[in-house]
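Undergrad: Below is the structure I would like to discuss, written out as structure tokens.
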Amino acid sequence: MEGSGGTYNSRTAEEVFRDFRGRRAGMIKALTTEVDKFYQLCDPEKENLCLYGLPNETWEVNLPAEEVPPELPEPALGINFARDGMDEKDWLSLVAVHSDAWLLAVAFYFGARFGFDKEARRRLFNMINNLPTIYEVVTGTAKKQSKEKTPNSSTKSNKSSSKMQSRQAESKPSKMPAPKEEGSGEEDEEEEDEEHGNTLCGACGDNYANDEFWICCDVCERWFHGRCVRITPARAEHIKQYKCPACSNKRARA
């Protein structure tokens with residue numbers, strides 16, 4: 001099957017969720033960090049095309065399955081036809097909405113196929129619901145929701161902490177969140193952990209983790225895992241103004 005991503009051996013809600021999460025990560029890459037490549041592949045002159053997310057966190061634009069009925073639910077057809085007739089942001093948002101619907105269809109297709117009971121279906125839904133949707137990641141809604149959850153009295157933010165660190169060092173801006181000061185109280189540490197924990201990677205949509213390197217785009221102000229945008233801490237020290245792949249590609253097309 002074209003776009004199927006191989007065979008399926010998932011049997012538990014957790015295994016189906018891992019499949020869901022891998023496909024979701026691939027589709028988010030297509031619509032964010034690898035959007036320029038995705039844009040070019042969606043040529044309106046070609047036949048009906050679909051965006052497939054694969055379990056190994058990759059994606060592909062391909063023709064729909066020829067089998068009737070298909071092995072898996074199929075994503076929205078003809079996403080390429082609307083590319084040039086809409087504003088790019090609106091088009092990507094539309095693809096994101098259909099991608100969310102497809103991911104849910106595939107996940108619960110597996111649930112039905114493997115005979116999940118009520119508890120297994122609830123467990124699967126709860127795990128999925130704890131992640132932002134692709135639409136929320138692509139449109140920045142997830143970031144806005146995170147900010148709303150952050151207390152207004154908080155005196156720290158991801159961006160300000162990065163800028164504060166750069167001023168203290170009197171060197172080129174560091175893209176990592178500022179380290180905690182020695183002697184800070186447990187309450188401050190908990191507050192900072194909670195605030196950073198609401199931050200979502202603009203590429204994969206996962207939450208902030210203290211043990212991972214992050215970098216902030218100076219244009220759209222979204223945060224990314226260094227590994228998602230292929231930036232190391234050493235490389236970040238030599239970047240005066242960082243632009244994420246999506247912002248760089250927009251300027252290139254303009």
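The first residue you see is number 1, and the count goes up from there.
Just so you know, glycine gets a Cβ as well, placed from its N, Cα and C.
According to TrEMBL:
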COMPBIAS  151-163  compositional bias 'Low complexity'
COMPBIAS  169-183  compositional bias 'Basic and acidic residues'
COMPBIAS  184-194  compositional bias 'Acidic residues'
DOMAIN    198-250  domain 'PHD-type'
REGION    141-194  region 'Disordered'
TRANSMEM  91-112  transmembrane segment
Undergrad: Under the DSSP assignment, what numbers of helix, strand and coil residues are found in the domain 'PHD-type' (198-250)?
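TA: Taking the domain 'PHD-type' (198-250) as a whole: 14 helix, 8 strand, 31 coil.
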Undergrad: Summarise the model confidence on the domain 'PHD-type' (198-250) as a single mean pLDDT, whole number.
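TA: Averaged over the domain 'PHD-type' (198-250), per-residue pLDDT gives 82.
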